[in-house]
Amino acid sequence: MSARWTTAVLDPQTTGGWAVARSPEGFLVDANGALFPRDWLKRQELDVLCEHGIGHFDGQPVFLLELRTASEVQGCNWQGLRRFMLEGDFDTYKVLGYAAQIGTWAREHRFCGSCGQPMTQIHWERAMYCQPCDLRSYPRISPSMIVLITRGDEVLLARSPRFVTGVYSTLAGFAEPGESAEECLVREVREEVAIEVRNIQYVGSQCWPFPHSMMLGFHAEYAGGEIVMQPDEIEDAQWFSVHDLPPLPAGRSIARYLIDLYVARRLGLAEPVLPA
């Protein structure tokens, strides 16, 4: 969170404040951005599934209107979350990233996973509640490791078939039940490129709301083995010199930060700051 944006559980029964509207097509935006006067937004003909109070931006309360479908609003259009990450104000992206995670959770937890009965929204904590089961469901967070493997002035970068053409990045993967982040790192590296690592160093973390990952970032040194790419997961993987890198991930991502940080340290440059 930033000084401008703090999360909070707010009662939707209160009035006023700002609101964002999210549909399966993205967030509603106009020439001023994605934050709208809440009272005005609620007067539009929107197909609202639920409303959640999500925090404060510049001291003002912010609410999420999660929509069943996208509606036409004069002077507005729909924009995906990734575009906000790549462009514009990063603090606004943080608001929308949090809203997207809460909206996804609210949409997916309308019914109890145990008995199938409708769940009700609790306004004093971030939870959905099933009264027959006395079951509370909280927003999902999926821990994932992401690692830059280094070998002196070389870094190991790979690309997935899902990547933008030409872009190479670090290795990453979800933690399994019972694993530590370090154990996940070792396993994922073995699975994806079949090499061994040592001297695992935690660097930092970043929320990745696509849809609900918590990325735990590491540097690790190459310890042995030859690259063998995992079929269907890795399209190409190779060692690159810090002096001659391929196209890299977006500048606001932790993947890019891990790369830029190592390059800066090897070349004696000013270290970058991880976007929080």
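Cβ coordinates are placed from backbone N, Cα and C, and glycine is handled just like the others.
On a predicted model such as this, the values are computed, not experimentally measured, just so you know.
Site annotation for divalent metal cation 1 in Swiss-Prot covers Ala172, Glu233, and the matching candidate from Glu154, Glu183, Glu192, Glu221 is Glu192. Between the stretches 41-62, 107-128, 173-194, Swiss-Prot puts its motif 'Nudix box' entry on 173-194. Secondary structure of the motif 'Nudix box' (173-194) per DSSP, as helix, strand and coil residue counts: 13 helix, 2 strand, 7 coil. All chains included, 11 other C-beta atoms sit within 10 angstroms of the C-beta of Tyr138 (substrate binding site). In the domain 'Nudix hydrolase' (139-262), helix, strand and coil residues by DSSP number 22 helix, 52 strand, 50 coil. One way to see the shell of the divalent metal cation 3 site is to take the Cβ centroid of Glu188, Glu192, Glu233; the remaining same-chain residues with a Cβ within 8 Å of it are Leu171, Ala172, Gly173, Val189, Glu191, Val193, Gln230, Ile234. Of all Cβ atoms in the protein chains displayed, 20 besides its own lie within 10 Å of the Cβ of Glu192 (divalent metal cation 1 binding site).
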